[in-house]
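So that you can see what the record holds, here are the features copied from Swiss-Prot:
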| type | residues | note |
| --- | --- | --- |
| ACT_SITE | SER102 | active site, nucleophile |
| ACT_SITE | HIS127 | active site |
Amino acid sequence: MSGLASLVPMVIEQSSRGERAFDIFSRLLRERIIFINGEINDDVSALVCAQLLSLESDNPDKEISLYINSPGGVVTSGFAIYDTMQYVSCPVSTVCMGFAASMGSFLLMAGTPGRRIALPNATILLHQPLGGFQGQASDIQRHAERIGKTKQRMAELYAQHCGRSYEEVERTLDRDHFMTAREAQTWGIVDHVFDTRKKAA
């Protein structure tokens, strides 16, 4: 989102106190809508986690909508968002528009059960975590062990949220696995495929 800063439109609101201008994302945040658009990294993670916690503070029971169009990114950054989604008391609906890959698909399936949505032309990609390391052989071995544990934990959580066996998830994550919106629904990544907001209401 930061790369589009110069393209973000402003919304003008009139009130008894005068005229106020908001960027479109701040305006949508007032409606409890959060966007993840692009790569997931520490900056995006900090922003999304802060928005989730702020909205929970405003109203701990009202739904938050998280819209995702992301190729994935840093695993630890994604886990920070995942844990915060589970931590807050608000239900969190997730909506895939465009593409949810890797950590993007992981966050998509982490929404509140019954509130995980894909738009009809969305594409979802699952695969195992990626990593590359340099250094001493002993350090490379430790990194390899760590990424193996991360892969195992991700498979456990996919199985938990999607209603699949651990073994099936592990096989699916072994290679790039693309899904249509309907295939993602069948697999348990999302609960619904909606083409209009009226159907989601």
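Glycine is no exception: its Cβ is also placed from the backbone N, Cα and C atoms.
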In the chain carrying HIS127 (active site), residues 6 or more apart in sequence that have Cβ under 8 angstroms from it: ALA101, SER102, LEU173, ARG175, ASP176, HIS177
I'd like the Cβ neighbour count for SER102 (active site, nucleophile), meaning other Cβ atoms within 10 Å of its Cβ, all protein chains included. 24
